[in-house]
Amino acid sequence: MDLLSGTHIFAVLLACIVFQSGAQEKNYTIREEMPENVLIGDLLKDLNLSLIPDRSLTTPMQFKLVYKTGDVPLIRIEEGTGEIFTTGARIDREKLCAGIVVDAHCFYEVEVAVLPDEIFRLVKIRFLIEDINDNAPLFPATVINISIPENSAINSRYALPATIDPDTGINGVQNYHLIKGQSIFGLDVIETPEGEKMPQLIVQKELDREEKDTYVMKIKVEDGGFPQRSSTAILQVSVADTNDNRPVFKENEIEVSIPENAPVGSSVTQLHATDADIGENAKIHFYFSNLISNMAKKLFHLNSTTGLITIKEPLDREESPNHKLLVLASDGGLTPARAMVLVNVTDINDNIPSIDIRYIINPINGTVVLSENAPLNTKIALITVTDKDADHNGWVSCFTDHEVPFRLRPVFSNQFLLETAAYLDYESTREYAIKLLAADAGKPPLNQSSMLLIKVKDENDNAPVFTQPFLSLSVPENNSPGTQLTKISAMDADSGRNAEINYLLGFDAPSEFNLDHRTGILTAVKKLDREKQEKYSFTVLAKDNGMPPLMTNATVLVTVLDQNDNSPVFTHNEYNFYVPENLPRHGTVGLITVTDPDYGENSAVILSILDANDDFTIDPQTGVIQPNISFDREKQESYTFYVKAEDGGRISRSSTAKVTINVVDVNDNKPVFVVPSSNYSFELVPPSTNPGTVVFTVVAIDNDTGMNAELRYSMVGGNTKGLFIIDQTSGNITLKEKCVFADLGLHRLVVKAKDLGQPDSLFNVVNVNLFVNESVTNATLIYELVRKNIETPVTQNIETTDASSPSSDYVKIVVAIVAGTITVILVIFITAVVRCQQSPHLKAAQKNKQNSEWVTPNPENRQMIMMKKKKKKKKKHAPKNLLLNFVTIEEAKADGADNNRSSITLDLPIELEEQTMGKYNWGTTPTTFKPDSADLARHYKSASPQPTFQIQPETPLNSKHHIIQELPLDNTFVGCDSISKCSSSSSDPYSVSECSYPVTTFKTPVSVHTRPPMKEAIRFHTPMKETTTVEIWTHPQPQRKSEGKRAGKSQRRVTFHLPEGSQESSSDGGLGDHDTGSLPSTSHALPLGYPQEEYFDHAAPNNRTEGDGNSDPESGK
């Protein structure tokens, strides 16, 4: 429970505690003569009504002043706030509380009703009226005569008549003064036990009547109010003869009781007083003191001679229940005797009860108008019954004389609330004359009655009723606008305007219909279309004219009858389906959906393919399209045809839609590296390169499309020192740290390119060789290091720090010069020997070979191959002697564009040809393969299903070959079998083609040296001769391999005679191990130290053949 709800509950509980009684009293104090609109109090705060939250009440809180019709209230109350203000009526305490005992409190009482019913309370408010000094004290007469005996002793005191001041307290009489008084007299003021201030005249000198018998002076009286008020009178003192005894009452205090119905003249009491004097001085005179009220003087008579008090006017206990009569007895002497007579007026049941009706609901012409839907306990009037009698005679009860839906609920002892006790119904009783009876408990009891008229106001409490709450209609479509459908009628039990009915369409009614609000006629104002909407269900309303109006609703169901006026409709004008290229025949291509808005036979649709398209079939009912062909995106990317839909109407209708089937690519192509073009290239990285510099960029392509061709690069091996990092998106290889001396040398990075194909991605890897050095002083040595790098585990780099130093460079130059000189001499010698042995026929064939297709032997060569096979049977056990191998160097003649290049032809023995050409169909089998990945199989176990390349027993083992690293299952390497492959495509723009052969080793390495900044491309030809020709093109080698740029124009041809049975295997850049079933081989670089991959043409991934990355189909033969 939240805090706000808890506060509300607390307020309600507190209100219940505070208002646990139905009535309350509240006292306020006001001063008389207050001006208009003075704030007296705030009932909302003073009664703690502000604790009740407004939202807990059905209606806002109201405060209503309950007063009698014709009364002029002295206060008013703001109904909404409960603030009490004075009105323009004069608040006069002396008038409101006339006749009360002096100094008694004066109260003014009103009642306030607090509404609504949930918190109804009747609050009795008593206003204590404080006196203000608005009256001046007055002497009983303007001339006061007093007689003083001449023998009065000095300081003798004589009472003077007291003044009358209606004000009380400090505003009453406070002091008396003599104005221009004689020195013979003084004035003193004494206070009686009743609090009355009595002036006394003091004799200050001896009097002598004979000398002066009359003294005249002024006496002034003042009150204590602010502003102070006063009055004066003439005091005339007569000096009289001596009287030295005053009268004495027999009883100083007398209390008598007399019924209020005592007749006028009845005796109340007899006073007795005596005087010791004789003669005239013994004659006693009785009179009322000026202190008694005017009402007492009016009601009672005192015989001045006898002292008998009688009733002067009829008594009324209800007006004044007791009277105090102060009687003075004087013999003409100085001080009169005093006696107090208390007259108690006893009650008799002489007053009938009175009924005072104070309306809470203001009447109109004396009649209360009450709505028939007034809630229970609606407060109508406050009934106050009073009886001026006392005790049982004043006990009054109030009730009604017969059964009515009203009751009187007591709130105070003599006040009742008239409220509704049941719900009213104008239709059953329209007017009530309530007779209120009030009876007292006297004997005999007296009663009073009063009539209260209540008129019940008719309310619109009966809603119209439809004769048919549900109405079902039918109308054919394509009707004429304005067609009358039916007439709707309703009845209302009310009368007058409450029974007048208007017909309305509900908010859910469509615009196709109209309803006359007077007659209730329903019409179709628009042409209806069943295909657009078959059924219309809406509501109609019947509303009377009452306030507030009441309404009821009925449901109308309009059914539109069908006509065949619509053709079949395809959900799309053109359908585009996407199917994978590996979707099998008769699989599901897609679903054609067609609808016919008509009904029944008119909506039965048959589907068919137009133009007798046999590639696809469609189910005439379901619209399922199935292929009769296999898809190949590379052959045809899309198919288009038209489908016809025809309905079964009497006059059939049809429509067509275009269908396009798009063949979606499947991730069936692995990434292919373009840069670097092979595993044998390298990039120079100066040691002064700043960290963050891009030193190389790897580029790979993928024949697939979309996400299948989206590539991500990563390093999966090498980079043992962590010098380099690669950007997975761009392939940029960046230097991570500053190079130090220990970092000089060749660094190998194994870079993986992985596509984002789904569900399975494909990948490939390549070697990136980064040579950290100031310059490339010996390219041959670097390529040799690259070659060794291939045979070295990826966890180890081939460092060349010593070779990069100036001293080692000089040593390498000298060694290279010596080796080159020896090689040239050896080549010249071998060439001369070979040429001497060659016949003219072989030379002619050798020249014709240069212009023939190098991959397809002619018939003459095939015959020579057969002859060589026969001869080699005899030479099968010939010893392997280096001296029997010759190299012949020929100068090629300028011929067109070929005069810019040098070639070297290597003639291999027939045994090598038998081991190569005899096992591969060069004329029919494509030999293209990818120069994209290093031969890493000797360092990893492949998870690929391809044949693996394994180290053979003939290969010299090294500890580095014993490190077998595990790759995750998603690393798939493309294997290359032991049979050599030729490629007509390469990333090197200078090479024409390449072949790799299974060999063991060249026992006499031969290398051709050009300038160090040269790169050489080797082209091998295998004509059907006793020797195998290898054509080597040499080109200038820049420090950084630059693709697409030609260099070098010299050309030489060299022929090598390989030892019998020799085999050479050079990696084609594909990953994987050799098939264990293939010929045993080892992996060595060519004698020239140049990797074959350096001489491929530009990579052409789109020219891949079925032989890429797979074992030769003839290798197992």
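Note that Cβ sites are derived from N, Cα and C of the backbone, with glycine treated the same way.
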Annotation match for N-linked glycosylation site in Swiss-Prot, from Asn553, Asn679: Asn553
Feature N-linked glycosylation site, as given in Swiss-Prot - residue among Asn27, Asn478, Asn732, Asn900: Asn27
Secondary-structure category, per DSSP, in which Asn27 (N-linked glycosylation site) falls: strand
Residues near Asn344 (N-linked glycosylation site) in space but at least six apart in sequence (CB under 8 A): Glu255, Val256, Ser257, Ile258, Pro321, Asn322
Assigned conformation of Asn48 (N-linked glycosylation site) - DSSP reduced to three states: coil
Distant-in-sequence Cβ neighbours of Asn27 (N-linked glycosylation site), under 8 Å, six or more positions away: Ile125, Arg126, Phe127, Leu128
Which of Asn48, Asn553, the listed glycosylation sites, has fewest other Cβ atoms within 10 Å: Asn48
Distance [Cα-Cα, Å, rounded] between Asn48 (N-linked glycosylation site) and Asn553 (N-linked glycosylation site): 48
Averaged pLDDT score, the domain 'Cadherin 5' (467-570): 91
Helix, strand and coil counts within the domain 'Cadherin 7' (677-795) (DSSP): 20 helix, 47 strand, 52 coil
